[in-house]
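Novice: Can you read through this structure? Questions will come right after.
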Amino acid sequence: AVMQRFLGPLLCLWALRLPAGTGAAARGLDVASYRERVRAMFYHAYEHYLESAFPYDELRPLTCDGQDTWGSFSLTLIDALDTLLILGNVSEFQRVVNVLQEGVDFDIDVNASVFETNIRVVGGLLSAHLLSRKAGVEVEAGWPCSGPLLRMAEEAARKLLPAFQTPTGMPYGTVNLLHGVNPGETPVTCTAGIGTFIVEFATLSHLTGDPVFEDVARKALKALWKNRSDIGLVGNHIDVITAKWVAQDAGIGAGVDSYFEYLVKGAILLQDKELMSMFLEYNKAIKNYTKFDDWYLWVQMYKGTVSMPVFQSLEAYWPGLQSLIGDVDNAMRTFLNYYTVWKQFGGLPEFYNIPQGYTVDKREGYPLRPELIESAMYLYRATRDPTLLELGRDAVESIEKISKVDCGFATIKDLRDHRLDNRMESFFLAETVKYLYLLFDPDNFIHNDGSDFDVVVTPYGECVLNAGGYIFNTEAHPIDPAALHCCRKRKEEQWEVEDLMREFYSRKKTKKFTLKRAPDHGEGENAKEPEDASSEKAGEKRNSKKRSHSLLSCPSQSFNSKLAVLGQVFLDNT
């Protein structure tokens, strides 16, 4: 009964799983060997960060020193913390938890990115908090509803709240951690910088009992939804005061990406049909206006005409997201397009001109981004297609050959000639290495199918944890969805507790009693249908069988003909 209550909603994440070992042997790829090479990559980067860069945010691998980039938080240490546990290093996890408690201070006069601080710092601390017990940390009474890392995450998130105090509810992009939003701060924020909070902020609200975090995140999401165009698209940048679109390019990549990601992941995490309905409506418009032969282009948000026929490396998360909604066939076709670009350069350039089949000027770099590897990890869990392991193999070979230096791994400034840049972003250890390792480690606890779990006693009763179904935030920090049920009680349960306590004290003596479990959280009392969304889809039950949705479609034309018809972007000279 306990398992059914807490884990039933997570079954969608375990669907389509095939027996371990299929596919890999067929092509003779030594999965264990590559897993150990990924482990060695992590420690080469991590140890040099500790030796040469800590307590700065990031390592500069060419000069073997450090620099602050996103706010002076020892960011790489926070970002790498849950990766340590995924690699099985509980002793270093425990040491770093103590270091962070003693050394990180958010009361500093620093202008910080609201988006980056949320996904890297708040997300990293929340994930580490929820994994602490599994890592052997001696947790305090009341965990997971309390704990030092949770308090740190809450403190960091509260520093971001002033950014949300706008007429629209959409946040500013930057906030001063000591003074709030600076006078004269630009009101223009990218779409992802507005819509990428629900995973971390809803988790915070559920664990702490303070609804303010989830409330501001939802308000921001709904503001974007309200301001979509008549053809169902959102642009790239918007004025958070006036709600006027400043950059009207619509696509799935940079500046927009994690907004769509968080609609899906927020829907799964919270079992929220409203968020999923929003995404499904966007998905129809995206397929109708931006998809061409399994590539996704940039279009004008009001007209749907092509504005940029380019593939951005950040878009490579999309096949993984498609897999989460069960659209595996389309996901694989798009993934294979992106993989051809990787094979061409040994990495994904930031921009790739699709019709020309080459990089875009001044966008030739590859900062060791994780998105294509992330999609490979999700799709391999669903299909066991050995092609996905081959991408992992190619990534390990490329990164080691091109990027590895004496003090870590350096950003590739230009994939054409393999020139390097003096930076190792914290996401290399938080995401790139993590997804590679999980791709090659089918038995990792992250992939738990629910057959193993822990039952923890909290102030609100028994709670199931570590049963799998983890939701990765956009910085690859895993959140245990079951934890959101540990620290909240519905009104019926609250009344039941109050009645029991009154009865308890009226007897004036100690007496054992049993608290009945709360009713299934199921659909939630606050689920509402989104404006203009399909009521049929919004009203579906979560346990309903897979069904087909009516999707808008494009006429069947050749790739170049479609572009020429819609936007006169380029000519077919072949």
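Quick reminder: no glycine exception, Cβ is built from N, Cα and C everywhere.
Just so you know, TrEMBL annotations are computer predictions that nobody has curated.
Got these off TrEMBL a minute ago, pasting:
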{"type": "SIGNAL", "residues": "1-25", "note": "signal peptide"}
{"type": "ACT_SITE", "residues": "Glu116", "note": "active site, proton donor"}
{"type": "ACT_SITE", "residues": "Asp257", "note": "active site"}
{"type": "ACT_SITE", "residues": "Glu350", "note": "active site, proton donor"}
{"type": "ACT_SITE", "residues": "Glu371", "note": "active site"}
{"type": "BINDING", "residues": "Thr474", "note": "Ca(2+) binding site"}
{"type": "REGION", "residues": "515-554", "note": "region 'Disordered'"}
{"type": "COMPBIAS", "residues": "517-542", "note": "compositional bias 'Basic and acidic residues'"}
Novice: Return the residue, from the listed active-site residues Asp257, Glu350, with the maximum count of other C-beta atoms within 10 angstroms of its C-beta.
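Specialist: Of Asp257, Glu350, the one with the most crowded Cβ is Asp257.
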Novice: Cα-Cα, whole number of Å: Asp257 (active site) versus Glu116 (active site, proton donor)?
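Specialist: A Cα-Cα distance of 14 Å.
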Novice: Around Glu371 (active site), how many other C-beta atoms are within 10 angstroms of its C-beta?
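Specialist: I count 24 other Cβ atoms within 10 Å of it.
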Novice: Using a Cβ cut-off under 8 Å and a sequence separation of 6 or more, which residues in the same chain sit near the residue listed as 'Ca(2+) binding site'?
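Specialist: Ile119, Gly123, Thr196, Val199, Asp257, Ser258, Glu261, Tyr262 - these are the non-local Cβ neighbours of the residue listed as 'Ca(2+) binding site', listed in sequence order.
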